[in-house]
Structures are given as C-alpha cells and as structure tokens.
Amino acid sequence: MQTKTGRSSESPMPLYTAAALKAELNEKGWRLTPQRETILNIFQNLPKGNHLSAEDLYHELRKQGHSISLSTVYRTVKLMSRMGILRELELAEGHKHYELNTMSPHHHHHMVCVQCNRTTEFDNDSILKQALKQTEKYGLQLIDCQLTIYTICPEALRRGYPGLPENWVCSSAIAHGTEPPSRGK
C-alpha cells in the first residue's frame, strides 16, 4: 500500500512494549505467545504512516520467515484492536487496515484516493476536540476518533479517472456557501 505522510516529524511513542503487552494479556487471562510478540514487533517497526491489512501482515510475516497462519493473524489483530494496541482503520480498499496505537502529541486522520488507494495522513487536533465536545454533550465516552476523507489524487485524474456524476455537488461549495463550480456546460 502506498502511503504518504503529512504528519509532523515528532516521533509518536508506542503505547505498548512487549513487557506491557505481556502484563495486560496476563491480567486478562491470556498469554504473550511468540506469534503475538512477533506481530507486535512488526507493527512497532513499520515506517511511520504505514498501515497493514491482515493479509499484508500475513505476507510480511512470510517474507520474514515466520510461519504464522492467516487465521492466527486475523485473531491476533482483532484481539490487539480490542485491547487498544492496534487501531482499526476503514480505508478505501474494502477491508480493514491496522496501525499501532501511539501516544502522539497530535491526533491524525487519513485522506485516501479512491482510485489508487494512496493514503495521506494529516494532523488535526480540532477534529478530536470537536468529537470530545459532541460526545460530552450527549454524555458519551469517546473511544476513538477517525476521519477518513475520500479523494481523487492528481495522478489518478491525469490517468483519466471517470468524470463526476451529473448530480455531483461540490462539498466545499456547500461548506463555504457558494455555488458549485461550473463543469464546462
């Protein structure tokens, strides 16, 4: 998966080390298996801004010489997501992706090209602040805040991505209270 990051250069800190993961798993009656530790290590060593699907993770494990079954990979990423170790993402490819949950000074979100699936991460703390404000307003507790903006990148447009439907209305025009742009008719 192609990934580009627009995030700050500040390095986020992982929420979990192997020792912390082992302690939390033990507390919940689970154990830190070699497979779980290997999967955690892969996510900890991913370049900043990269996300993996379960299938991507499986192929990466195979490439590194590990023989962990695909079903174990699925179970492990689900468990690590429920525990808050991994963050589950819905991107444009029609299946879930995962990234390591980190303690970062900024909360990041994603812009995804619907044609080439290139993902760009960006920081925007105001989105998280608005989410907190809304959840507090309704007496809810915020668990996660994810904004995914679906786009068409300039490269996809140059390659002839299909035109916009006739009933398309530019959301930026709506947001700014202006007329939608003319489409040459």
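Quick reminder: no glycine exception, Cβ is built from N, Cα and C everywhere.
These come from TrEMBL:
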BINDING   H107  Fe cation binding site
BINDING   C113, C116, C153  Zn(2+) binding site
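Taking the features listed in TrEMBL, we show where each one sits on the structure.
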residue	record	Cβ neighbours (10 Å)
H107	Fe cation binding site	17
C113	Zn(2+) binding site	20
C116	Zn(2+) binding site	15
C153	Zn(2+) binding site	20
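Other than C113, C116, C153, the residues of this chain whose Cβ falls within 8 Å of the Cβ centroid of the Zn(2+) site are, in sequence order, V112, V114, Q115, N117, R118, T151, I152, E155, A156. Under DSSP, C113 (Zn(2+) binding site) is assigned to a strand (E or B) in the three-state scheme. It is 23 Å from the Cα atom of C153 (Zn(2+) binding site) to that of H107 (Fe cation binding site). The distance from the Cα of C113 (Zn(2+) binding site) to the Cα of H107 (Fe cation binding site) comes to 21 Å.
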